[in-house]
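Written out below as structure tokens is the structure these notes cover.
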Amino acid sequence: MADQAPQYSTAEERAFDVEKAESPEEKVLDDLAIAELAGAQFDDPNLDKENIVAFDDESPYPEVRSAVANTDDPTMPVTTLRTWVIGIAWAILIPGLNQFFFFRFPSVSIGGIVAQLLSFPVGRAAAAWLPNWHIFGIAINPGPFTVKEHVLITIMATVGAGSAYATDIIAVQRVYYNQIYNFSYQWFVVMSTQLIGFSIGGVARRFLVSPPSMIWPANLVNCALFNTLHSQQYAGIGTRGGISRERFFVYGFLASFVWYFFPGYLFQALSYFSWVTWIAPENTKIAGLFGYVHGMGMSVITFDWSQIAYIGSPLATPWWAEANIFAGFVFFFWFLTPVLHYTNTWFGEFMPISSRTSYDNEMKSYNVTRILTADSTFDIEAYHQYSPLFLSIITATLMHAFLYFRKQIWVQARRSLHEQPDIHARLMSKYEQVPEWWYLTIFLSMFTLGIISIEVWPTEMPVWAFVLALLISFTYVIPIGMIQAITNQQVGLNVITELIIGYALPGRPIAMMMFKTWGYITMAQALTFTSDFKLGHYMKVPPKPMFWSQVVATVIAGTVQLGVQAWMFTNIPNMCDPHQKDGFICPSTEVFGTASIIWGVIGPALQFSKGQTYYPLVFFFLIGAVAPVIPWLISKRYPNSIFKYIKPVIFNGTGLIPPATAINYVPWAGVGFIFQYVIRRRHFSWWTKYNYVLSAALDSGVAVSILVIFFCLQFPQNGSIGSTNIATWWGNTVPFVGADNDGTPVRSLAPGERSIAPEISSILHTIEVT
């Protein structure tokens with residue numbers, strides 16, 4: 001059929017590999033042939049037409065060829081007893097530890113790359129030392145530890161490794177609203193918010209997993225590491241000489257591990273290298289321009305890979321996507337922000353340029369307790385007497401998806417897995433797929449738990465709001481998933497959900513948190529599961545074991561996290577107090593709780609409605625809807641122009657600011673330009689062999705080094721190790737002193753002046769809160 005990849009029956013009919021073509025004219029492929037090879041029913045910016053191959057047993061994308069094996073052994077063991085034992089053990093240990101440290105500052109997180117590395121020696125040891133016995137016909141040791149077992153164990157270790165978002169709802173209810181409900185309520189909320197997004201996986205896999213154009217760049221780093229550890233073969237690296245990938249990884253890992261001790265512990269100025277502010281630390285204008293903590297970060301230098309890769313590895317994200325993000329960063333943070341700030345728009349000069357907190361009209365941190373009644377509801381009179389809220393200085397996604405991906409979505413809706421042109425999809429089509437009714441069962445059961453949790457307990461959230469939240473989440477899964485699969489960047493829905501529920505149900509903070517979680521995290525979880533499915537797709541792990549490993553591990557991880565959290569609130573004195581002696585100050589709970597009051601109690605009507613301080617920002621929703629049309633029209637007229645590379649991530653570029661700053665964006669874009677543009681173009685064979693392995697090595701070395709530093713040098717003795725020597729020398733103190741660290745504004749209140757915006761009180765009008 002027309003949608004299938006071209007099949008070649010003889011050597012003469014078989015197309016050539018253009019990487020090896022000698023004459024320029026040989027490198028020209030018909031656009032229709034390219035579309036068939038890539039399965040992309042849109043102008044795919046990731047397609048490298050200079051390095052595309054026409055072999056139907058290789059991926060047309062050099063990124064995929066360089067990291068993923070194009071062969072499969074269906075007889076390779078996958079769901080062995082040791083797979084489940086090791087995987088469940090990690091699903092208990094890693095989420096439990098992460099939840100424990102989630103409430104502590106400074107914190108540490110055991111990420112996916114650490115689980116992937118640790119699982120390898122554990123699996124190899126099990127294969128070497130376990131006896132070759134059978135229990136009820138099940139082999140304890142079926143032979144060598146396989147890459148498919150490794151993938152499944154890693155997915156079980158990581159799918160629920162991070163703190164479940166809904167655990168913060170429970171913590172906020174306890175800390176801010178004195179609501180302590182039983183374990184059934186907690187379990188229902190966590191399971192529903194974690195798993196209900198998984199139900200859409202049965203639909204999303206057709207759009208986000210099977211098509212070759214959905215490359216999911218972050219997964220390629222994991223694939224490169226899996227295949228390096230297990231010495232798999234690759235189609236894309238050719239016969240390039242040099243040291244092996246295994247040795248290259250070891251050298252990179254050791255260098256990264258050792259080096260991080262300098263910017264991470266011994267010489268932290270190498271990480272926060274705001275060298276200009278060191279010259280005049282108390283100069284507020286220099287701090288605003290060049291500082292990294294509260295400024296715009298125009299010092300632009302860091303020697304810390306964890307800072308460079310904070311928003312994702314620059315070696316995995318395509319250069320054109322990095323250029324979009326960097327362009328958005330430059331325009332919004334380095335151009336628009338200083339214009340608004342230094343013209344004192346929204347009284348910005350009285351506040352630091354970048355800050356994680358909100359302020360009152362005296363430039364003090366906003367005291368939310370002053371606008372609450374005794375029963376933790378909104379007191380509008382107290383709000384008018386106290387102060388409006390001041391903040392220091394999404395719709396494009398749907399429009400972009402309609403313009404660029406509408407044909408792709410329609411084709412994929414009609415296409416089965418067997419019809420995909422990619423070698424990996426054809427290899428996976430041999431395995432039995434997950435029945436649709438499995439996903440439907442997950443959805444109905446988790447939907448029921450959600451209804452029970454909001455109806456049986458006094459959450460003040462109506463059922464229609466629950467359904468609306470799910471509709472928002474499901475509507476965005478495909479377009480945001482496509483953008484993430486192509487660009488390696490996820491667009492968040494948190495602001496959209498906060499605005500909708502804030503206007504619809506003002507004065508209901510618990511309902512706001514739940515609406516935000518079901519409306520945003522359901523989508524994020526769906527994409528997490530889908531990304532794991534793509535990883536399994538690349539590594540040829542059968543879909544049914546993938547399904548059960550994800551579901552079981554998520555249930556176990558969420559249950560363990562709730563147990564750890566309950567134990568901590570019961571046994572740790574002064575939990576979540578800002579002065580808790582062991583550092584369990586709950587920074588995330590503080591942010592989430594403040595957000596629940598800002599958006600759920602005060603509500604957006606008193607901030608973004610007509611006549612309010614931030615009303616002009618509402619028009620950015622309209623701008624976001626219109627903006628994608630302009631480059632789309634230009635690219636239709638000039639199909640080879642730069643405008644075809646402009647994507648919605650240009651608006652999402654500053655989405656992580658704060659806590660991210662220029663220290664994360666500028667070096668990230670610089671490294672990405674060197675590796676993903678310069679080296680990829682000029683030294684393509686080196687890039688295909690080592691690029692993703694280098695990314696895995698740097699990520700792994702930093703992750704393990706962070707764990708060693710934390711557990712050996714920071715956590716023992718409550719961080720007092722080195723407190724009188726290493727921690728006090730100039731290289732560890734200079735980044736955290738002066739106007740940048742203190743957030744000193746350009747302008748301060750004059751003597752006797754009590755408000756940065758005295759005229760605000762004259763335009764505030766009473767809005768009835770129901």
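Glycine residues also receive a Cβ, built from the backbone N, Cα and C atoms like all the rest.
These numbers come from a predicted model, not from an experiment.
Copied over from TrEMBL:
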- 1-10: compositional bias 'Polar residues' (COMPBIAS)
- 11-25: compositional bias 'Basic and acidic residues' (COMPBIAS)
- 1-25: region 'Disordered' (REGION)
- 84-102: transmembrane segment (TRANSMEM)
- 108-130: transmembrane segment (TRANSMEM)
- 151-172: transmembrane segment (TRANSMEM)
- 248-266: transmembrane segment (TRANSMEM)
- 386-405: transmembrane segment (TRANSMEM)
- 437-457: transmembrane segment (TRANSMEM)
- 463-483: transmembrane segment (TRANSMEM)
- 547-570: transmembrane segment (TRANSMEM)
- 582-602: transmembrane segment (TRANSMEM)
- 614-634: transmembrane segment (TRANSMEM)
- 655-679: transmembrane segment (TRANSMEM)
- 691-713: transmembrane segment (TRANSMEM)
Annotated stretches the transmembrane segment (547-570) and the transmembrane segment (84-102) touching (3 or more Cβ pairs under 8 Å): yes
Spatial neighbours of the transmembrane segment (151-172) far in sequence, C-beta under 8 Å, 6+ residues away: 78-79, 83, 86-88, 90-91, 94-95, 98-99, 102-103, 109-112, 115-116, 119, 123, 181, 186, 189-190, 193-194, 222, 226, 510, 513-514, 517, 521, 524, 528-529, 532, 535-536, 539, 541, 545-546, 549-550, 552-554, 556-558, 561-562, 565, 569, 576, 586, 588-589, 592-593, 596
The transmembrane segment (248-266) touching the transmembrane segment (437-457) per 3+ Cβ pairs under 8 Å rule: no
Beyond the flanks of the transmembrane segment (248-266) by at least 6 residues, Cβ under 8 Å: 225, 228, 242, 302-307, 690, 693-694, 696-702, 704-706, 709, 713, 722, 726, 731-732
Most Cβ pairs under 8 Å with the transmembrane segment (691-713), selected from 84-102, 108-130, 655-679: 108-130
Close approaches to the transmembrane segment (108-130) from elsewhere in its chain (Cβ under 8 angstroms; 6 or more beyond its ends): 82, 86, 90, 94, 97-98, 101-102, 140-141, 143-145, 149-150, 153-154, 157-158, 161-162, 222, 225-226, 229, 696, 699-700, 703-704, 706-707, 710-711, 715
